[in-house]
């Protein structure tokens, strides 16, 4: 049929080839941009607001630098290490993603061809989204970038900026690409059938445990910062949190690589889980600490978003609600109760508690997906046919075992490789800022300050500053010393 038989909007041209689905491409570009906005300005603003005033510029700049550095590394070598031709069962072949012919050609993730039970019989063909490769490179780049920024939340307030500049490309190359290829790009966990819908393992579990490990090697903040670390601008924190929550529509909605029914249910489940987790976390704050914490609510929101991510398009709405209850309670317990009782958790200065909000929540979500993944939804999305959670019988029990084993691999790799990277960097440049810079903060490190205001982000006398401090405490997460953020 000639192109003239179609309405003008559907006619093809040199820039609209026959294989391009305009709707899928438009949605995927939109989803990618939503994820990018989660990082910049989302986490840039959140980090700048949630830390003590003297670290606002440095914290925001760490996020901004990581976003830019990942872009250059991604298109130069890291994309194909994550989603290109197979080099090893855990790694793709490093090569640039800059060639015009590659970027405007049809998308293909070559190693994602799935072979039945690891044999030679093709079960599911390689993923071929109906848009250009440039769209896939964009979408996956912003996922890689946000992972480094989340990891950086563990290191705020004391890591040398020069060390961070070196850390970002090294960790992206030797840690993130391994997880991405192994779980998503066609590696051994992908072929085995480990489920990670959109990053519970590849992004959040990795960021949580790598951040905690790096925090161990970098060392703690200055003692007075560790003892008291109030947010300098809670409204900025809420602004960043809002961009995170709304941006998660692109995060999980873009997971199927298409504007399809899986994307729709993933977005609904994401909001259900986040809302329930926020409510549960806030209720626990009220019950145990007698005050509803705004920053605590943000943490509950984040744990809900993280927990649903590995199964967002694969579980039913009731399961998303149950996952929200657990996401708002189990990470709350590990952060607020277990953290104070565990010697190793108290010893490591994880500034924003990323091990809890992303590590614990990501692990929880992956395991719950192994229980709750619904068979019909699985068959709409997963390359391994007849996948299902343990609650649905059949081979579901085996799926839970795969989820646990996949998590152990991601945790083990990140702990080991992050340690090696930190030791190597420290041999060249100090990981931690000198004490004199830790005392001053932004002005000493960057020659810039966040605000032309007095004070240091401390809580002031309620008689001078109104009733909000009395009602909500304006505390970092809970009362002093009850959270790793203080």
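Yeah, the Cβs are placed from backbone N, Cα and C, and that goes for glycine too.
Fair warning: this is a prediction, and the values are worked out from it, not measured in the lab.
Of the candidate ranges 161-181, 434-454, TrEMBL annotates residues 161-181 with the feature transmembrane segment. TrEMBL assigns the feature transmembrane segment to residues 26-48, out of the candidate ranges 26-48, 95-117. Transmembrane segment is the annotation TrEMBL gives to one range among 201-219, 467-485, and that range is 201-219.
Contact between the transmembrane segment (201-219) and the transmembrane segment (161-181) is supported by 3 or more Cβ pairs under 8 Å, counting only residues 6 or more apart in sequence.
If you look at the transmembrane segment (404-429) against the transmembrane segment (293-312), you find fewer than three C-beta pairs under 8 angstroms, all six or more positions apart, and that falls short of contact. Between the transmembrane segment (293-312) and the transmembrane segment (137-156) there are fewer than 3 Cβ pairs closer than 8 Å, counting only residues 6 or more apart in sequence, so the two stretches are not in contact. Two recorded stretches are said to be in contact when at least 3 C-beta pairs lie under 8 angstroms, sequence spacing 6 or more; the transmembrane segment (231-251) and the transmembrane segment (161-181) fall short of this definition.
Most Cβ pairs under 8 A with the transmembrane segment (60-79) among the ranges 26-48, 137-156, 257-281, 318-338 are made by 137-156. Within the chain carrying the transmembrane segment (26-48), a Cβ under 8 angstroms from the stretch's Cβ atoms is held by residues 56-57, 59-60, 62-64, 67, 129, 131, 135-136, 138-139, 142-143, 145-146, 149-150, 152-153, 156, 233, 236-237, 239-241, 243-244, 246-251, 253-254, 257-259, 263, 298, 450, all 6 or more beyond its ends.
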